[in-house]
Amino acid sequence: MSSSQPPGRDDAGIALLLVVGLLLPPGLWLWVDSGRAWWLLYLAWGLCIFGVAALRWRRRA
Amino acid sequence: MSPALLTLFGVGIAYLAALFIVAYAAEREWIPAHWVRHPLTYTLSLGVYATTWTFYGSVGLAANQGFMFLTIYVGVTASFLLAPVLLQPLLRLVRDYQLSSLADLFAFRYVSPWTGWLVTAFMLIGILPYIALQIQAVVTSAQVLTREAPPGVLAAGFCITVTLFAVLFGARHLTPREKHEGLVMAIAFESVIKLVALLACAGFALFGVFGGFGGLSDYLLAHPQAVERMQAPLRESGSWTTLCLLAFAAGFLLPRQFHMIFSENIDPAGLRTASWAFPAFLWLLNLAIPILLWAGQELHLDVPTEYYALGLAQRESSGLLTLLTFVGGISAASAMIIVESLALAAMCLNHLILPLWVNSGAAPSQDLYRRLLWGRRALIALVIAIGYLAYISMQRSTGLVQLGLVSFVAVTQFLPAVVGMLVWPRANRVGFLAGLCAGMSIWFLILAWPLLIGTPSPLQNLPLHERDPWLFATFWSLGLNLLLFVLGSLLARPNAKEQAADQACRMDAVTILSEAPQAGGVGELRLRIEQALGGDVAQAELRRALTELKLDAGERRPRQLHFLTERLRRNLSGLIGPQLASEVLAGRQNEQSMRRHLVEEELEHSQDRLRGLAAELNRLRRFHRQVLQDLPIGVCSLGDHGEVLIWNERMAQIAGLSADQVLGSRVRELPPPWREIFSRLLDTESAHLYKQPVHLRGGLRWLNLHKEAIAGDGESAQLVLLVEDLTEQQQLEAELTHSARLASIGTLASGVAHEIGNPLTGISCIAQNLLDEDDAGERRQGLDDILEQSRRISDIVQSLLSFARPSAPARDLEPLELHSLVKEAARLVRLSRSGRNIAFDNRVPEALIIDGDRARLTQVFVNLLGNAADASPPNGRVEIEASRGAASVTISVRDWGSGIPEELLGRIFEPFVTTKLPGQGTGLGLPLVYRIVADHGGSISVDSRVGEGSTFVLRLPLAPDAALGILT
């Protein structure tokens, strides 16, 4: 019995992991700990967006 | 009004006029359609999410709570990155069922008269403060720039202008089903203005104040507390997750977001692009905020922190940046008010106004479409007017962000119901209503009460009140909401409509047809719509649905009527909402068998959404369905009420009727002759009807018909009918018979030559003698002998001709004297070498009459007598006897020849089985005899012993008159 998830659901799962891992506690502390550059949080946020965009482009290709 | 204020007023009006032009250009296709429909345009239109809260309020929030301001955009990012499992299923539902608002969506899934009403009411209450704060932001921005209190006419003028825009470009078409491309283009344009304005301000701050990236770095190095103040709140506060959750829900549940994401979506592919492009837009937009904050702090601007963008812009000497920033603020406010009012007006019309009107029993309007259009327009104006009143009456000290978050907590109350509709079959209206009422009540008491009443919340002493206020409010409202949603759904059961809606909603289920009420015909559907909505609407909607489904007004097939009803329901749902659409079309409930079999239709439509076991089962179903379709025999299955459910390709070929023409029709509704054929089959007790002659397509066909009952799951049995076309087989048999007959004649050729030669020789001799004969009497005798020999030749030729004549395709049965038949066959066999010296003892009584085909029965006896002659010794004897029974005749053909070996006896009637040497017999004679006897309704058997001879016994039915003669 085949039970593979469709690509859309794979993407959604990966996207959720990205956001949770990079932008929600405790991952958040990586970017906003004392002494960190202010733009690191933006970098993490941007990485989530860029990562999911790459996944969606790859699936379309 | 001061000159500066007049200038701002003029700029604002000019900008809104430009907005009108952009929208109009898009509607008139002056802007290329592929730009208007481009996924990036759709993505930018979602930027309506970024209101004055983003444009102004984020800087203030950043000043007070550091990077907490980013939660409002990170949360939305999460909801959009989850588009495949969250937003795309909702988009599919909205498109498939023509749901035009959030209230429509909930009314579709949680079927209750209260659903739409409550959702609309709560949305109005929850969003109106948000509208008010936009107006406040525009007015305050003018105040910041001019340093004077703007008159009330500024706010009123702004509201009137956006009302005009919303009415002209948001309620443009007679039905809300149509998309508003001008609106989408205008909102996208406003998002570009916002982005450009904020980034321009940030650019000025970066280069004009800090002198570039290096200068900014130096400033931050010199002021490390600036970065620490941004980061510390995230480490110390527990609100990050709460605010992200609120923004996650608001990202698609705010009425304006729902409207732009789903209702105005033209191409589903746009959502795939927006799933990453919209978060990217928000990311760009928010890059500016920290820079604006630090620049404002560096310059010690004398404006509220929220308006640092304006304060910085004023430092730019040309004044253009100031105007651009002001216009950016107007963009942010106007986009929000326009779209929010459109969305709320649609909900109010479908769920507050129309139900009251339809249920009031008022006579249907003659021009409903126009009334609905003007109703929507009036409601748009009313919503904005109420927002204006809320702005006037509101506490001015309330910050932009606070008002916005109050609305966010309100819309988050719908989150459990949305998730439930996508993943939980048990979720039902009881849980939804209970949870929503509880959540909104807590929301009102904790958040709205202080705003409206001006006193602390009555629930201020609940646990967690000392923590972050948003965590406090969200925990209690959403927590109680979720608890009652689950409890209520577990305690009650979804009704049939909810079950059908649930299967349409859930991600892992196929879309199936809802419980569309049964209709007797198109006229009945017209009547139902006409009674509620008027004749014009009934006619227009029916015409539209019939055209979309390629049906005509005379349609009566139950299956097609079901599809028509469903299509009407969806189309009306786009016009008046799903709740009313169902009520308007309510009728008798559909039979289970029809709905069950229509599932196959939807499985074919939805198969690309099946996963796992469902996908495997569907593949198996399609395989079996294909086997049925490809069978070389016609298959027709009938449902509980005699309606045609399966009509395979072979059946379509035989009948000359495609599946589409007959599926759903009852047997009595089939075109002739099938109505009569199947009725006869159904009425007969026997499960088979053999060799039924049927005139089809100008020709006669021969069919075998079979029927079988199929019992399933304890329900009433259904029938499967099988139809075999034997016409070609019949033709082949006729040709075989004819060929065999010709072959027989061939074997008789030498005998014929001999038999004809004898009388010819006789004639020649007699004629020779007559030449010399003078005696009249002798001449006379000679002539008589010549005539006798001529008749003998004529008889032989006539027998051959009769035997060689092919049988007519139709069974020409005639009464036959059995004795003459046998005599004729014997005469023919005597023409052959083997039959010449055999004595054929014809003991068949002359009174025996049977109905039969003369040529074919002659063939039977020629074969039997020929075989008997071949097996007999020279001068042997073949005896033919017959006796009459009650309704049949028994004929025996007996010889005393070599007999048939025992091992061949059981197979002697099979093709190519012969006792003769190769070249002497083909083995096809007895099979042909068997077939002919069977065709006449008779039977044949053989008894034989080697060395003792064989006896073939035939039974043939008596002619009816002959049988009657017995009885009388």
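Cβ atoms are placed via backbone N, Cα and C, with glycine included.
The annotation domain 'PAS' is assigned in TrEMBL to B:620-673. Secondary structure of the domain 'PAS' (B:620-673) per DSSP (helix as H, G, I; strand as E, B; remaining residues coil): 25 helix, 11 strand, 18 coil.
According to TrEMBL, the feature domain 'Histidine kinase' maps to B:751-960.
What TrEMBL lists as transmembrane segment is B:6-26 (among others).
Panel annotation: around the transmembrane segment (B:38-56), residues 72, 76, 130, 133-134, 137-138, 141, 184-185, 187-192, 194-195, 197-198, 250-251, 254, 256-257, 260-261, 264-267, 269-274, 277-278, 281-282, 285-286, 306-307, 309-310, 328-329, 331-333, 335-336, 339, 400-401, 404 of the same chain, lying at least six beyond its termini, place a Cβ under 8 Å from a Cβ of the stretch. If you look up TrEMBL, you'll see B:38-56 (among others) marked as transmembrane segment.
Summarising the annotation, TrEMBL assigns transmembrane segment to B:68-87 (among others).
Positions annotated as transmembrane segment by TrEMBL: B:152-171 (among others). Under 8 Å from some Cβ of the transmembrane segment (B:152-171) lie the Cβ atoms of residues 1, 5, 9, 12-13, 16, 19-20, 23-24, 27, 135, 138-139, 142, 180, 182-183, 186, 330, 333-334, 337-339, 341-342, 345, 373, 376-377, 380-381, 384-385, 387-388, 391-392, all in the same chain and six or more residues away from its ends.
Taken from TrEMBL, the feature transmembrane segment covers B:192-217 (among others).
Long-range contacts of the transmembrane segment (B:237-255) within its own chain (CB-CB distance under 8 A, at least 6 residues past either end) are made by residues 49, 65, 68, 71-76, 78-80, 86-87, 90, 101-102, 123, 127, 261, 339-340, 343-344, 347, 405, 407-409, 411-412, 414-415, 418, 467-468, 470-471, 474-475. According to TrEMBL, the transmembrane segment annotation covers B:237-255 (among others).
As annotated by TrEMBL, transmembrane segment applies to B:276-295 (among others).
TrEMBL lists B:320-353 (among others) with the feature transmembrane segment.
If you look up TrEMBL, you'll see B:374-394 (among others) marked as transmembrane segment.
Taken from TrEMBL, the feature transmembrane segment covers B:400-423 (among others).
Beyond the transmembrane segment (B:430-450), the same-chain residues lying 6 or more positions past its ends with a Cβ under 8 Å from any Cβ of the stretch are 106, 110, 112, 114-115, 118-119, 122, 125-126, 129, 406, 409-410, 413-414, 416-417, 420, 456-460, 472-473, 476-478, 480-492. If you look up TrEMBL, you'll see B:430-450 (among others) marked as transmembrane segment.
According to TrEMBL, the feature transmembrane segment maps to B:470-492 (among others). Cβ atoms under 8 Å from those of the transmembrane segment (B:470-492) belong to residues 238-239, 242-243, 245-246, 405, 409, 412-413, 415-417, 420, 424, 426-436, 438-440, 442-443, 446-447, 459, 462, 464 of the same chain, restricted to positions at least 6 beyond its ends.
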Q. What mean pLDDT does the predicted model reach across the domain 'PAS' (B:620-673)?
A. 86
Q) Hey, does the transmembrane segment (B:374-394) touch the transmembrane segment (B:320-353), meaning at least 3 C-beta pairs closer than 8 angstroms, sequence gap 6 or more? A) yes
Q: Name the range, of those listed as B:6-26, B:276-295, B:374-394, B:400-423, that has the largest tally of Cβ pairs under 8 Å with the transmembrane segment (B:68-87).
A: B:276-295
**Q.** Contacting positions for the transmembrane segment (B:276-295) when only residues 6+ beyond its ends and CB under 8 Å are counted
**A.** 39-40, 43-44, 46-47, 49-50, 54, 58-59, 62-63, 69-70, 73, 76-77, 80-81, 191, 194-195, 198-199, 201-202, 205-206, 209-210, 216, 219-220, 223, 226, 230, 305, 308-309, 312
Q. Taking a Cβ cut-off under 8 Å, which residues six or more beyond the ends of the transmembrane segment (B:6-26) line up next to it in the same chain?
A. 36, 138, 142, 145-146, 154, 157-158, 161-162, 165, 168-169, 181-186, 189-190, 323, 326-327, 330-331, 334
